[in-house]
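These notes are about the structure you will find just below.
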Amino acid sequence: MNEFKLQSDFSLEGDQPKAVDELCESLNGGNSHQTLLGVTGSGKTFTMANVIQRLQRPTLVIAHNKTLAAQLCGEFKEFFPENAVEYFVSYYDYYQPEAYIPQTDTYIEKDASINDEIDKLRHSATSALFERRDVIIVASVSCIYGLGSPEEYREQVLSLRCGMEKDRDEILKGLVDIQYSRNDVNFTRGTFRVRGDVIEVFPASYTETAVRIELFGDEIERITEIDTLTGEILGERNHVAIFPASHFVTRRSKLEKAIESIQEELHEQLEYLKRQGKAVEAKRLEQRTNYDLEMLQEMGFCQGIENYSRHLIGRPAGSRPYCLIDYFPDDYLMVVDESHMTIPQIRGMYAGDMSRKQNLVDHGFRLPSALDNRPLKFQEFEKMINQNIYVSATPGPYEKEHSERIVEQIIRPTGLVDPETEVRPVKGQIDDLYSEINKRTDRNERVLVTTLTKKMAEDLTDYLREMGIRVRYMHSEIDTLERMEIIRDLRLGKFDVLVGINLLREGLDLPEVSLVAILDADKEGYLRDERSLIQTMGRAARNVNGRVIMYGDAITDSMRRAIDETNRRREKQIEFNARHNITPQTVQKKVHDVIEATRSAEDETEAATPENIQEMSAKERKELIAKLQEEMKQAAKELEFEKAAELRDLIMELKTAQ
């Protein structure tokens, strides 16, 4: 049996050994919920890696967005290079869900652009769970969305061995049954090709290798792994398990029953709509569903097959859907990273999905069973937890209430202590801030400034720029990739001060920042509550000169609690350093580029900006105008009128420059 083997140049330091011991003791004692309260920069991921190695259990790590999941996946891959570390997030680069807007009688068809690489990683994740136990899957909240039945998925695996008696047509039929398609010309994932007695299969979970099956009569003579590009043999195999090309795969016998069940539901719903006087809706539903039924009958698949998943799996109405968690064995471990963000996100998924789908059902676009293709309700998610570790610097009320044990990780391996916090009056705050910024820039350090309003952020940025400070403003309209580029430029010293409203999102791991200034700190509410203040203050905790200045004329309860908690941690850290003769050191961290797996389709073509329009040739401008006009029409068609207007303005600018 494969075991988790942790490989690292680090050893457990500070509070890490105690945290690992206490978490393992709690888990081995049978507790379902425990929390790792680890301060920023204390090495929480390394602690979790040590817990996983000690427990030797398949582990699901849930993060609250794709970017954070990709970062965690990269870190776990470094810690466990010999084990299966997988990545499971939504495979859509672009996703426009099916929707109906009654007010304008507008039906928006589902439109999506699937990232083939991420789809491959999803298949790799589910197949790994059936092949081994040393598996860590890092997932976004996509893991609570509907998937096909794990039993069906497992039973439909095509298992082939050397010496097995199986004729060619039987193997080909088996491949077609699990959603592989024959393509002798374009050999891609999820396809197979045939040349005489040689069958080559490109499994859904592979990237650059395929499986070649050589027959002698009705017997499998040889199985080899080949390079898909060159056809070079990479290795001999005695056995190969080919997993289905779709997570929604059903045997023919079950498919026939599902079609009957869909027809029955269609008949009932048509009667109901007619009684309600909805003749148009009834006709629409009949046409759409009958078309899908024909596709299922002939091809075994249809567009939007997930909306019939309840029938295909044979689940009763209202029952919870299968999801990634069902693919794990019973003794699995769950880790919820940044739980103060992730738990509320999981809690809110069901309601948003339900309101959109109910409109589709009410107006004859979908059968009521489509409502059962949904994310888990929060209560369903709770029931699926075996044993869970919540990881956060500021655990939310849910984690605090449910955890049988809260383990603190306050001491950082670097010896860094939480920053000193000072409250200063509002009067003269801008001049005071300017003076503090100059002190930092003289030492080649960086500054974060957080405000409460967009206008104040813009005005402050303009003022500091006029005063000769190299400053940037980060607002909510900037997408993830651009945010990460701004953060990278800050770390590289291309500018010194970053102003923003919500500077709590992922990626703000900045050892160069030695000052965090919080304006309007005494305005109680969102972004000025205790948890947000502690998170914001923590941004200065990776630099040995870290300091926090709050500007406010009063000290609110949230400020007091945040300052008291930070001071409590700081005292503990200083005492530990003195006892062990540790000198704090600023975190040394490479400036990484954005992880490629999370790049979205929009990043593949650089947008034209006023700066680079002047550099284009006439031919380049003409080609770009044609491309942007297509995008503008598409945006208008999808009711994205703001985007269409932006594209129109850009086209006009390009035409003017010609």
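Numbering starts at 1 and runs along the chain as displayed.
Cβ atoms here come from the backbone N, Cα and C positions, even for glycine.
Looking at 91-114, 115-138, 451-474, the range tied to motif 'Beta-hairpin' in Swiss-Prot is 91-114. Cβ-based neighbour count (10 Å, all protein chains) for Ser42 (ATP binding site) stands at 28. Take the mean position of the Cβ atoms of Gly38, Val39, Thr40, Gly41, Ser42, Gly43, Lys44, Thr45, the recorded ATP site; other residues of that chain with a Cβ within 8 Å of it are Thr47, Ala393, Gln409, Arg412.
Across the domain 'UVR' (622-657), the prediction's mean pLDDT works out to 74.
In this structure, Lys44 (ATP binding site) is part of a helix by DSSP. Neighbour list (Gly41 (ATP binding site), Cβ cut-off 8 Å, at least 6 residues apart, same chain): Arg412, Thr414, Leu416, Gly538, Ala541, Arg542, Val587. The number of other CB atoms found within 10 A of the CB of Lys44 (ATP binding site), across every protein chain shown, is 23. Annotation for Thr40 (ATP binding site): spatial neighbours Ala393, Gln535, Gly538, Arg539, Ala541, Arg542, criterion Cβ-Cβ under 8 Å with sequence separation of six or more.
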